[in-house]
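Here is what Swiss-Prot says about this protein:
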DOMAIN    43-154  domain 'Rieske'
BINDING   Cys85, His87, Cys105, His108  [2Fe-2S] cluster binding site
BINDING   His209, His213  Fe cation binding site
Amino acid sequence: MSRSAAEFLKPQNVASTHYLDNRVYWDHEIFEEEKKRIFSKVWKFVCHVSEIPSTFDYRTIKVADTPLVVIRGKDEKVRTFVNACSHRGIQIVRRPRGNAKTMECIFHRWNYDSTNGELTGAPRKEAYGPSNFDLKQCGLREVRTETYLGLVFVNLDDSAVSLSEFIGDALEMEKDILGAEELEVFDYYEQVLDTNWKNWQETNLDLYHEFMHFANRKTGLTVKEYYQRAWKLYPNGHAAIERYRAQYSNYAGWQDRDDGIRLPGLHPNEFQLVNLFPDLAINARGTVIRIDSQTPISPGKTLVQYRGLGLKRDSERERVQRVRDYTSIWGPFGTNLAEDTLATSLHAKTIQTGSVPFTYLTRDEGGMTQDDLGLRTFYREWERLMSRQANQIR
């Protein structure tokens, strides 16, 4: 039965944890608070160690609007610095990736050591003496950086807990995949989506939406074991789903895949998914790993970065096969990823206008596969950090 305006604007009589006020997706005040209370306070994934393999290799990124450069020093330690000159705040490193023995500001040619961030040179520096300006105190700001299972994380909050305490046991089911052999990123793709960052993260927490995916309907939803997996919840908003073996032979082309290149710890048909709050998702499937991470741009615009990982020791033939396995499903023109990007953009077309007041997280299957438990866990942590309820913004 259809509803009147009054009925439509009133939430159903469900628990407060089971629905959202949709202003969490489009309210500018909420978005600014998220940057301060979440992205400036928690550990944020920035890259895989294989992306900066050599001394002085770097990558640039933004976290909570703060420009950062992640760089491997001459001591082989990975560090992160705020990518801004201590003099006038000019952005120093301008390329998304590269190699720099020193980092030089183009404005006044101030130079910084790429290992420790120390200011190593400034033209005509004697003129700073009369003003009592101490150039020794002009090093770059270093940001906390830690690595776990090849994943590089940063934290803008110097008083935050350690990375290991933040992650806890959330990657326990991924250790044999991520840590058994040396991996490397073989595919990198990014796109700006017209959607809120939480909408994209939800695609990796909401397994009920797999009815949308043609490939999933053919290979997963036909398997009894698919529905018998339990969600595993961890502190700090992390969630993972137990593994299962899909019937990939039902999907045209899978029979041509080489099981000999499967990842350590995975059966050729096995699938594993882990979500680390707030924005990291690790999908492992037989022969490939996909890592999703995000940079929120505005309430309705998000930069999503996708990384494909495989074994570094691959032969040329094995790498060609692994790339094919990855791109056919998870590449920009693959059967799966494009469907998710379409869904999130269609969601934004109504949510961002304020046309729909509520989102419901009401599926309850005893914590099994298509339960909304993962979503509710995410928003419970969101509420804790934001100090507000997600179902009642004002």
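Placement of Cβ uses the backbone N, Cα and C atoms for every residue, glycine included.
Projection of Swiss-Prot feature records onto the structure.
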{"residue": "Cys85", "record": "[2Fe-2S] cluster binding site", "Cβ within 10 Å": "21"}
{"residue": "His87", "record": "[2Fe-2S] cluster binding site", "Cβ within 10 Å": "15"}
{"residue": "Cys105", "record": "[2Fe-2S] cluster binding site", "Cβ within 10 Å": "21"}
{"residue": "His108", "record": "[2Fe-2S] cluster binding site", "Cβ within 10 Å": "13"}
{"residue": "His209", "record": "Fe cation binding site", "Cβ within 10 Å": "16"}
Shell of the [2Fe-2S] cluster site beyond Cys85, His87, Cys105, His108, same chain only (C-beta within 8 angstroms of their C-beta centre): Ser86, Arg88, Ile90, Ile92, Phe107, Arg109, Trp110, Ala122
Structural state census, the domain 'Rieske' (43-154) (DSSP three-state): 13 helix, 47 strand, 52 coil
Reported mean pLDDT - the domain 'Rieske' (43-154): 95
Cα within 10 Å of His209 (Fe cation binding site) - qualifying binding-site residues among Cys85, His87, Cys105, His108: none
